[in-house]
Amino acid sequence: MFCIQCEQTMRAPGGKGCSFTQGMCGKSAETSDQQDLLVAVLQGLSAWALKARELNIVDAAVDAFVPRTLFATLTNVNFDTRRIVEYTREAASLRDGLAARCREIDRAADVALPQAGIQPADDLAGLAAQAADWALDRDVFDVSEEVHGLRLLGLYGLKGAAAYMEHARVLDRQDAGLAQGFHEKMVALADPSDDIEALLALSLDIGQLNFRIMAMLDDGETAMFGHPAPTQVNVNPVAGKAILISGHDLKDLRALLEQTEGTGINVYTNGEMLPAHGYPELKRFKHLAGNYGSAWQNQQREFAAFPGPIVMTSNCIIDPNVGRYSDRIYTRSIVGWPGVKHLEGESFAPVIEQALAMPGFAETAEPHQITVGFGRQTLLSAADTVIDMVAAKQLRHVFLVGGCDGSRQERSYYADFARQVPQDCVVMTLACGKYRFNKHDFGTINGLPRLLDVGQCNDAYSAVMLAVTLAEKLGCGVNDLPLTLVLSWFEQKAIVILLTLLSLGVRNIYTGPTAPAFLNDTLMGVLAERFGMREIGTVEEDMAAMLPA
Ligand code: SF4
Ligand code: SF3
């Protein structure tokens, strides 16, 4: 086993990645190794998808399958070896089918990539032996640490992009051109360069690709659910039967709301599902009762106390046996945990049945309202107001405090930072890192809330569009705006968002709480030199550096 893709790996001995029988996240060596094999077989499938395009064959099922199942290899998504092996076998079968179609047109059609020749073994022992050939630490021995780190930066970034591609596909958004770009990156990473400049360029290309994917996802979400608008959300429970839904998949939430309407069950959002309350097509359901809990690392305590079943639509799931709720948590889509019920198809009947059989919340707590829903349209319509406020010196600076949460102590930086932002400045939030401070009352400046939640991690797109619009209106560059990005990374979605921002020319981004283990000091130095990227220090020092005197 060798996995170094998330922040938790830093705690592994030597900080050299999770490399024993189990990762820090609970992923077994067996699952981890099978995920490496799956990635390799998917790279072979991508190579054939590109060859097929040369012969005018574009297979939408293949284009969907590659990012979808790559998503299963992200941190805290799928811990079930059996499911990973199924994906590997299906990938090989899709590849062989595509190869056969290509050879009907051109008998000599072939691809050179060794990964394209992997025939999954019949049993786990054979698969384990094959996986050893594709372990990600192998090339440590014949390339420099920098080259290896940049290859991993590209791969982990592409994994993040895969997740957004799948989120978009769920909303009926697929694009053959973007899929081609995706396959090209898969193949480039399967046979990677050992040139630092070429690898950096590849990472930025992945960032650019992801920007287009996030635009497609934004289009899918807003077309299906309308534009988010500022909305009050109760973060305390109300009496009655209850279902909790977590993850990023708004379509699953709508299906659950439709199926629970009139049953007396209240539906609560958790984690990255919180921004759902801002969408017109979701908030119209009266039994979308509120938001429960905080970020993923508190799941075992919060889910244990929830008096109803729980649905995990995407990342991040952690061991449900610890809090003893494995009999009432359900996985969807690419999520998996061994022994946990997995729901395919459109029906949430087993979840609803279980919710009706459970006690639900006995009492209604005093409501505590927070505001969400500062999506792209709302932000853009506020652009002129923001410009006027800046000109009138009522608004000094905007801080985008975005990214993932995690359990490291140093993450209190982000909450401390947000609380210490001066009264004439605004904080925009994105993703699950905000739970450490989003229940705090930040007040308003001239009616403009000082805490603006833009949404899920993928809604970084809305924040970028606001920055670009403000820069255009002011006739300056994005880097000249009174705006600072303070990002926290944990998993691969955050990595690709960082790559996207760098590819768009955004400079001087602060990142933390610690540098990814695959980026050594030399590489962090390169990113600092090229992009002005810097690591967080103390709140006081950073704030002083960010705010011009
Ligand atoms: Fe370790 Fe993170 Fe990989 Fe889990 S996902 S095995 S914690 S590096
Ligand atoms: Fe959080 Fe997992 Fe990354 Fe979508 S839900 S941001 S950590």
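Here, residue 1 is simply the first one shown, and the rest follow in order.
Positions of Cβ are set from backbone N, Cα and C atoms, glycine also.
Source: prediction; values computed, not measured.
Summarising the annotation, TrEMBL assigns [4Fe-4S] cluster binding site to CYS3, CYS6, CYS18, CYS25. In sequence order, THR9, GLY17, CYS18, SER19, GLY23, LYS27, SER32, GLN35, LEU136 make up the list of same-chain residues 6 or more apart from CYS3 ([4Fe-4S] cluster binding site) whose Cβ falls under 8 Å from its Cβ. Reduced to three states, the DSSP call for CYS3 ([4Fe-4S] cluster binding site) is strand.
The feature hybrid [4Fe-2O-2S] cluster binding site is assigned by TrEMBL to HIS248, GLU272, CYS316, CYS404, CYS432, CYS457, GLU491, LYS493. Cβ-based neighbour count (10 Å, all protein chains) for GLU491 (hybrid [4Fe-2O-2S] cluster binding site) stands at 27. DSSP gives GLU491 (hybrid [4Fe-2O-2S] cluster binding site) a coil state; it is part of no helix or strand.
According to its DSSP assignment, CYS404 (hybrid [4Fe-2O-2S] cluster binding site) is coil. As annotated by TrEMBL, cysteine persulfide applies to CYS404.
Contact annotation for binding-site residues (CYS316, CYS404, CYS432) versus ligand 1: none, no CB falling under 6 Å from a ligand atom.
Taking the centre of the Cβ atoms of HIS248, GLU272, CYS316, CYS404, CYS432, CYS457, GLU491, LYS493 as the hybrid [4Fe-2O-2S] cluster site, the nearby residues of that chain (Cβ within 8 Å, site residues left out) are GLY271, TRP296, ASN315, ALA431, GLN456, PHE490, ALA494.
A Cβ distance below 6 Å to any atom of ligand 2 is met, among the binding-site residues CYS6, GLU272, CYS316, CYS404, LYS493, by GLU272, CYS316, CYS404, LYS493. For CYS316 (hybrid [4Fe-2O-2S] cluster binding site) paired with CYS25 ([4Fe-4S] cluster binding site), the C-alpha to C-alpha distance reads 10 Å. Counting neighbouring Cβ atoms within 10 Å of each of the binding-site residues (CYS18, CYS25, CYS316, CYS432, CYS457), the lowest count belongs to CYS25.
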